[in-house]
């Protein structure tokens, strides 16, 4: 029984996940801004509380804009597929039917995908959900209905980081309201709808911040060693990973060299033209390890 036949069903689940993302954003926005901090701001109270309300509302909206920008960039950016010109330049794939081949040309070791019937550049893997080979594939993410690969990995990381900090902010600013909830519930001093939204937002954000923390730590580790989630298994047992160029260069292989673009889901033209790894076809390797 081939379980991969059912992988296409994950696409349907992915659309549900997108709705879940927007539902979480809506609940959090209502609880943090509409219910808690906006009323404090419009009362016009002078002092530290009013200043804090302005700061929280500003940071909340900044993080929200950045996470949504990064999210849509990840969803709508093609992670990269093997271009037809690459197959022609490599001489087709009919001679590689054995499964793998080593062609020590400009692109290093090449493989062959029996499903796509095409040559594969280094670090390229077949996605059973997308039904195609993805350049420098990290994983298929149901939250974005897309693969994470060479051309959208940076955007995915930014989405991960901004979402983590947004949910962390929500947990911190909703914690006093969550504690106060129990006394208000006994006294019936607040409407049930308001109390329910505060509790729901706090619990959801708290659950997400804990799970996101694990993903942030994992991907920071992968980023620092220039490794993908798929390659963790491939490099198992290797003392030195051939794509590990040092933390600074590993970072630049994903985020580029232009510091002004590091926190934005964008690349500068210079980085796209000069950093070959961003195209997903060619990757520099350590000089002290044979390719």
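Quick reminder: no glycine exception, Cβ is built from N, Cα and C everywhere.
Here TrEMBL flags 12-32 (among others) as transmembrane segment.
If you look at the transmembrane segment (52-77), the same-chain residues 6 or more away from its ends with a CB under 8 A from one of its CBs are 18, 21, 25, 29, 32-33, 37-38, 40-41, 141, 144-146, 148, 151-152, 155-156, 158-159, 162-163, 165-166, 169-170, 173, 263-266. Residues or ranges marked as transmembrane segment in TrEMBL: 52-77 (among others).
Annotation source TrEMBL lists domain 'Palmitoyltransferase DHHC' at 110-234.
Per TrEMBL, transmembrane segment is recorded for 155-175 (among others). The list of residues near the transmembrane segment (155-175) in space but at least 6 beyond its ends in sequence, with Cβ under 8 angstroms from a Cβ of it, reads 28, 31-32, 36-37, 56, 59-60, 63-64, 66-67, 70-71, 73-74, 77, 138, 141, 144, 148, 198, 201-202, 205-206, 208-209, 212-213, 215-216, 219, 223, 254, 263-265.
Residues annotated as transmembrane segment in TrEMBL: 195-218 (among others).
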Q. List, by number or range, the same-chain residues at least 6 past the transmembrane segment (12-32) whose CB is under 8 A from its CB atoms?
A. 56, 60, 64, 68, 71, 75, 142-146, 166-167, 170, 173-174, 177, 197-198, 200-202, 204-205, 208
Q) What average pLDDT is reported by the model for the domain 'Palmitoyltransferase DHHC' (110-234)? A) 87
Q. Per DSSP, how many helix, strand and coil residues does the domain 'Palmitoyltransferase DHHC' (110-234) have?
A. 72 helix, 18 strand, 35 coil
